[in-house]
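Down below is the structure, laid out as structure tokens.
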Amino acid sequence: MVAVPTSTASLQALPQYVVADIDLADFGRKELSIAETEMPGLIALRIKYGSEKPLKGARIAGSLHMTIQTGVLIETLVALGADVRWASCNIFSTQDHAAAAIAASGVPVFATKGETLDEYWAYTHRILEWGDGGTPNMILDDGGDATGLVMLGSKAESDSSVLDNPGNEEETALFASIRTKLAEDSSFYSRIKSSIQGVTEETTTGVARLYQMQKSGELPFPAINVNDSVTKSKFDNLYGCRESLVDGIKRATDVMVAGKVALVMGYGDVGKGSAQSLRGLGATVMIAEIDPICALQAAMEGYRVVRLDEVVQDVDIFVTSTGNFQVIRHEHLIRMKDEAIVCNIGHFDNEIDVASLKDYPWENIKPQVDHITLPSGNKIILLAEGRLVNLGCATGHPSFVMSNSFTNQVLAQIELFSKGDQYADQVYVLPKHLDEMVARLHLEKIGARLTELTKQQADYISVPVEGPYKPDHYRY
């Protein structure tokens, strides 16, 4: 592994990548080639915009899981003219052969599977540091860590007390990394912040952070909420999780899902896909929800809607998918049955109170699979240390569904980079006609043929023949 730099001055002297093993590049390239055949949206954008180079001049700081599918995204951005630097947004989600292949192509990549928290924040800093002393002008984010780093760092420039009281292990590493950077360059973050033309955000949790900044008047640049494009949230979040959740659980444990009792906490799009996946393999699935509408949806689908504290001792497989924190707390963990499997498919690692288990005996079974002995003598199986199980214990969503999400990301980057002056410092979603375009680009691959409206039919329902076909408020 290449050493992490300790000062900005050393950047140009170091190789512009940090990967586990650059010799994995050939393996990664073979898988990239296969993934491209399953990602028609991204390939269509290369064909449509490749000669125009609409991202020429864009310097994109990318913080998103460094997987094979992300490699196809990165190479699409480059094909459209962008300069790109990349880090993963999760310490366990990198596929090392994917990182090696992209690094070998000349794109600066800073990502390894199983990073420490110190390494994670060092690598996130590296995507903000161009070797020529320049700065990024765009951020492509997943979970909001890159955006949040810039914002918190700029606050710390004028008031270092914001770094005084870290609330957990992750904040301890984050705050230390900011202090180190400020000691080298006291205006680093504000300089980055002023150079950013726009941010595109991939996931629910990161979008929530953006809306919080907008509400408080602190958002300093326009942002596009990619997550709430229909072709992202109703496909990636639902159908992606429907396949990748059980993939992660079974790779980690080899457990028979049929006959088990599973509890999915949260019944949004991610929870819906997760519940379907477990039911599809024969589990008895229950749902925990705070939202009466989501709870009613779950009940109408035939799931029992329950409270965690009333069923915790009966559950074999726990899955958190809420985007909240302290969902499974210490009081729940210590009551779990012997060999209960505990995992999370929400973005951050604080849905499960893993920190409260640190003083109990841990036995590592294999990477991202730990046996923890409770005071009762029961053992639980914790997957990916409470981080994303589908990426920590498997390889994430399939290429086809990620093509939907990443096609939205590319369109959002083009929109903000080329038309950023037309946007206020607010959070936007992509217009409906682009959402429909993303869907169209994926139909032929799966043999779907659209029916076409006649002009008379279109006039009858007051829509254009070519769409969009639904109003913005329509719920799919």
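Each residue, glycine too, has its Cβ placed from N, Cα and C.
Copied over from Swiss-Prot:
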| type | residues | note |
| --- | --- | --- |
| BINDING | THR67, ASP142, GLU202, LYS232, ASP236 | substrate binding site |
| BINDING | 203-205, ASN237, 266-271, GLU289, ASN324, 345-347, ASN390 | NAD(+) binding site |
Among GLU202, ASP236, GLU289, the one of these binding-site residues whose Cβ has the fewest neighbouring Cβ atoms within 10 Å: GLU289
Binding residues THR67, ASP142, GLU202, LYS232, ASP236 (substrate) - maximum C-alpha distance in whole Å: 17
Nearest of the binding-site residues (THR67, ASP142, LYS232, ASP236) to THR203 (NAD(+) binding site) - Cα to Cα: ASP142
Collapsed DSSP category at THR205 (NAD(+) binding site): helix
THR203 (NAD(+) binding site), number of other Cβ atoms within 10 Å: 26
Most Cβ neighbours inside 10 Å, all chains, among the binding-site residues THR67, THR205: THR67
From GLY266, GLY268, VAL270, GLU289, ILE345, the binding-site residues whose CA lies within 10 Å of that of ASP142 (substrate binding site): none
Residues satisfying Cβ distance under 8 Å from ILE345 (NAD(+) binding site), sequence separation of at least 6: CYS241, LEU245, GLY248, VAL270, SER274, VAL319, THR320, SER321, LEU388, VAL389, ASN390
Residue among binding-site residues THR67, GLU202, LYS232, ASP236 with Cα closest to the Cα of HIS347 (NAD(+) binding site): GLU202
For GLY266 (NAD(+) binding site), the number of other Cβ atoms found within 10 Å of its own Cβ: 26
Three-state secondary structure, which DSSP defines for LYS232 (substrate binding site): helix
Minimum Cα separation from GLU202 (substrate binding site), reported as the residue among binding-site residues GLY266, GLY268, GLU289 that achieves it: GLY268
